[in-house]
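Asker: What follows is a structure written as structure tokens; I'll ask about it next.
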Ligand SMILES: CC(C)C[C@H](NC(=O)C[C@H](N)C(=O)O)C(=O)O
């Protein structure tokens with residue numbers, strides 16, 4: 001099986017040319033490193049964990065360092081991961097003071113009998129697993145401080161979500177053995193209530209992976225994604241015989257028509273087909289397959305380069 005990895009960097013509104021370049025670099029780096037893991041014989045789970053950790057460490061994205069701030073000006077993060085081989089899954093929500101929530105989600109999957117740990121219990125488990133605690137402020141960027149202030153001032157004039165919350169991250173992969181996996185990680189939505197949990201850590205909404213179908217990672221308005229179970233809904237359409245493109249259009253279209261919810265998703269099928277689709281203004285994405293890297297941010301703006 002030829003390995004495939006696809007990554008996304010959330011929705012994006014009108015971003016400056018300069019920031020667009022940084023976003024493009026980050027997304028290309030994540031896909032390249034995820035692909036390198038697969039080429040070296042790593043599993044789909046290893047690849048999605050690696051790709052998402054790269055984006056969590058990049059302050060341009062709304063996950064890990066660079067997460068948007070809650071109403072108190074603090075970072076609270078959600079993440080999940082799933083192995084399509086046996087449907088094992090791990091998730092954490094409302095976690096603070098760690099660099100890589102996706103790594104904690106993987107430990108929940110592999111080292112506990114549970115699927116999901118939250119808040120204080122997740123923090124205690126992280127400490128037990130030897131994950132270093134970092135000061136919460138280390139995850140806070142100047143850009144996000146300004147954005148929260150602006151959001152609070154402009155609250156009366158509600159802007160569409162797609163211009164406020166940028167940069168949730170996710171990855172899907174297919175490895176040489178035919179296993180698929182997904183991982184998704186986010187700081188959630190700007191100015192959210194303390195304890196708000198979005199779609200990203202919820203299996204079926206923020207992502208899904210099943211070797212008998214494929215894998216999906218989603219981004220967008222979390223409350224809408226949760227209501228339609230966007231990731232599993234997409235794979236349902238694939239199971240029904242739709243192409244990946246049709247399945248993505250159907251599930252995103254349903255979320256839009258039923259709830260006015262916008263978002264985006266990436267899919268890889270068990271046979272190695274892939275797609276990146278969105279109804280938000282744009283979505284940074286990259287896909288690596290057969291030694292080639294495809295990437296884009298806006299519609300009709302796909303570039304292809306050779307991977308090293
Ligand atoms: C408008 C959308 C595409 C922005 C997108 N937001 C999320 O994905 C938020 C996450 N699903 C949640 O609700 O916690 C982003 O961060 O890029």
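For all residues, glycine too, the Cβ spot is worked out from N, Cα and C.
TrEMBL entries are annotated by machine, without manual review.
As listed in TrEMBL for this protein:
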type: ACT_SITE; residues: 168; note: active site, nucleophile
type: BINDING; residues: 196, 197, 198, 199, 219, 220, 221, 222; note: substrate binding site
Asker: Can you check which residue among the binding-site residues 196, 221 has the largest number of Cβ atoms within 10 Å of its own?
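Answerer: Counting Cβ neighbours within 10 Å, the top one is 221.
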Asker: Where the criterion is a Cβ under 6 Å from an atom of ligand 1, which of the recorded positions 168, 197, 198 meet it?
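Answerer: Cβ < 6 Å from ligand 1, in sequence order: 168, 198.
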Asker: Any idea which of the binding-site residues 197, 199 has the thinnest Cβ neighbourhood at 10 Å?
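Answerer: Counting other Cβ atoms within 10 Å of each of the binding-site residues 197, 199, the minimum falls on 197.
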Asker: Hey, how far is residue 196 (substrate binding site) from residue 168 (active site, nucleophile), Cα to Cα, in Å?
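Answerer: Each residue's Cα considered, residue 196 (substrate binding site) and residue 168 (active site, nucleophile) end up 15 Å apart.
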Asker: In whole Å, how far does the CA atom of residue 221 (substrate binding site) lie from that of residue 168 (active site, nucleophile)?
Answerer: 11
Asker: Using a 10 Å radius around its CB, how many other CB atoms surround residue 222 (substrate binding site)?
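Answerer: Excluding its own Cβ, the number within 10 Å is 29.
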Asker: Give me the CA-CA distance between residue 198 (substrate binding site) and residue 168 (active site, nucleophile), in Å, as a whole number.
Answerer: 11
